[in-house]
Each structure stands twice: as C-alpha cells, then as structure tokens.
Amino acid sequence: NFSRVTEFILLGLSDTRELQVLFFTFFLLAYVMVLLGNLLIIVTVRTDPKLSSPMYLLLCNLSFIDICYTSVTSPRMLVDLLSQRKAIAFEDCIAQLFFLHFVGASEMFLLTVMAYDRYTAICKPLHYTDIMSRRVCWVLVSACWAGGFLHSIVQTLLTIQLPFCGPKTIDNYFCDVPPVIRLACIDIYVTEWLMASNSGLISLVCFLVLVTSYMFILVTIRVRFTEGHWKALSTCASHVMVVTLFFVPCMFIYLRPFSTFSSNKLICVIYTVFSPLMNPLIYTLRNNEVKASMWKLRKRCRA
C-alpha cells in the first residue's frame, strides 16, 4: 500500500554491447549445461535400482533444487542481456526475491543433511540403515523445503512492508534483498539487521555444522583407514567443493549489514551460476557408480 514504485531497472552485468553478447553466449551455455547435467542425474538415479541409497536420493533432490535455483535468475538475465531497457515489475521483483531465498535456503539445509548422511555412513556404518532409512530421508528432505519456505517468507514480508518511492535502479542482474531494500525511502537499519541475522545466521550455522561433520569424518578415517573409507573420503571431497562454492559467497553477502557494501556481481555469479553448474560435473565425474549407471542408461536408449 505504501509502494509508489511500479518497476525497477536492473543495470545488469555490463553496459557494453560486445560484452553483453559474450555474456549471453557464456551464460546460455552454462544454463543449458545446468539443466541437462542435473536432469541426467535425476533420470539416472530414478531409473537405476542400484542407486537407491539415501545418498543418491539426496543427490537427486539436490539436482532438482539446482535446476530450480538457477532458473530463478538465469532466464531473466539472458533476456535482459539482449534488451535495451532492463525493467522488471515490482511484483516480479518480489517474486524473484522470494523464490531465490526459498530454493537457496532449501539447498543450504539439504547440503547439511547430505553432510550428516556421509557422517553417519562413515562414523556409524553399523547403524546407518536404521538412522538413515528411506522414510527418515524423505522427512529430512521435506524439512529442508519447509525451512527454506519459512526463511523466504520472512525475508519477503520484511521487504514488501518497506515504502519504495524514490530511486528504482538496482545495480545487479536480479532482485535480491541487499540491493532492493537499499532503495527504500526510510531508514532500514533495523530491517537490514533482522534480514542479515536471518540469512547470515542460516548460512553460518549450516556451514559450521558441515565443517564439524567433516572434522568427525576425518578423525574417523585417520583412526581406521580402509579402501571403503578412501572412497567415502573422495565423495566428501567433492561435497566440500560444492559447499565452498555455495556457502562462502552467501556468508560474505548476507552476514553483515547490507548498506556497508555495494553489489558484487562476480560473487553473485559464483553462487547463482557456477555452483549449480559444478554439481553435476563433480558428482558424476568423481562417482564411479553414477558414471556406470549413466553408461547403462545410454546403452538402453540406443537399443
């Protein structure tokens, strides 16, 4: 009711036409690779009965989240790279903000659950099937989505209650909390601290839980090292790469008041484009079981 701004102008990644064409080509290829790579993982896991363990069920859900996550920002960015006027309606901006945090927070929680799954498999192998049953796995996945929704609805409600009546230029290629609330016509000191506490603490707590679980895994492997533990360690190493690409930029952006720094588009590209792009590459190239299942799927398709 207080908003007078009907649209925002996204400045995008660059004003240079040649760079815009170059960025369009690169990010289009990246988006297609994210879609195809993650869809291939989902189809492979769903069609191979051997990939029915909780680890692959969680991997399948991670691929689905990555498709949703990159689809929140990439299509809009690709269209704007070829457009002269990069305008986005106020309602569309708020919707993009909502789904970005909804899917992003869900992925944070899911990565934490995946770390717990690896910790249970390595540190408590005899009780693994009881602790991480298929039913428990689905409950944890549902909890991840519910947690992401609660986080996102708080961020969205704090944003839409602000009055926007002045500047409407967003120095980024998508709508996110930091650049949007800086355009409000009132003092946002309390609001930005509430939002930073929400997003920042979620990122920090999930990251600390992940680091703690990997510390326990390393201690366990050091005490009793076997060939099976080496395989598990290799899986955890790829997981750490994904976690680093995703959590570090998020903590850098959300773990402090938003008015203290300007938009860093390179960091935004890392966690909105490169992190979803790396997931299918890491989990397929470093996992022999997934690669073997993909070869079987390819042979069945040819037959």
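Including glycine, each Cβ sits where the backbone N, Cα and C put it.
All annotation found in TrEMBL is predicted automatically rather than curated by experts.
Lifted from TrEMBL, the feature list:
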DOMAIN    37-283  domain 'G-protein coupled receptors family 1 profile'
TRANSMEM  20-43  transmembrane segment
TRANSMEM  55-74  transmembrane segment
TRANSMEM  94-116  transmembrane segment
TRANSMEM  136-154  transmembrane segment
TRANSMEM  201-221  transmembrane segment
TRANSMEM  233-254  transmembrane segment
TRANSMEM  266-285  transmembrane segment
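Outside the transmembrane segment (201-221) by six or more residues, the chain places 105, 108-109, 111-112, 115-116, 118-119, 122-123, 151, 229, 232-233, 236, 240, 243, 247, 250-251, 254-255 with a CB less than 8 A from a CB of the stretch. With a cut-off of 8 Å between Cβ atoms, the residues of this chain six or more beyond the transmembrane segment (20-43) that come close are 12-14, 59-60, 63-64, 66-67, 70, 74-75, 77-78, 81-82, 273-274, 276-277, 279-281, 283-284, 290, 294, 297. In the predicted model, the domain 'G-protein coupled receptors family 1 profile' (37-283) has a mean pLDDT of 85. Beyond the transmembrane segment (94-116), the same-chain residues lying 6 or more positions past its ends with a Cβ under 8 Å from any Cβ of the stretch are 55, 58-59, 61-62, 65-66, 68-69, 72-73, 76, 88, 140-141, 143-145, 147-149, 151-153, 155-156, 159-160, 174-177, 180, 199, 202-203, 206, 209-210, 213-214, 239, 242-243, 246-247, 250.
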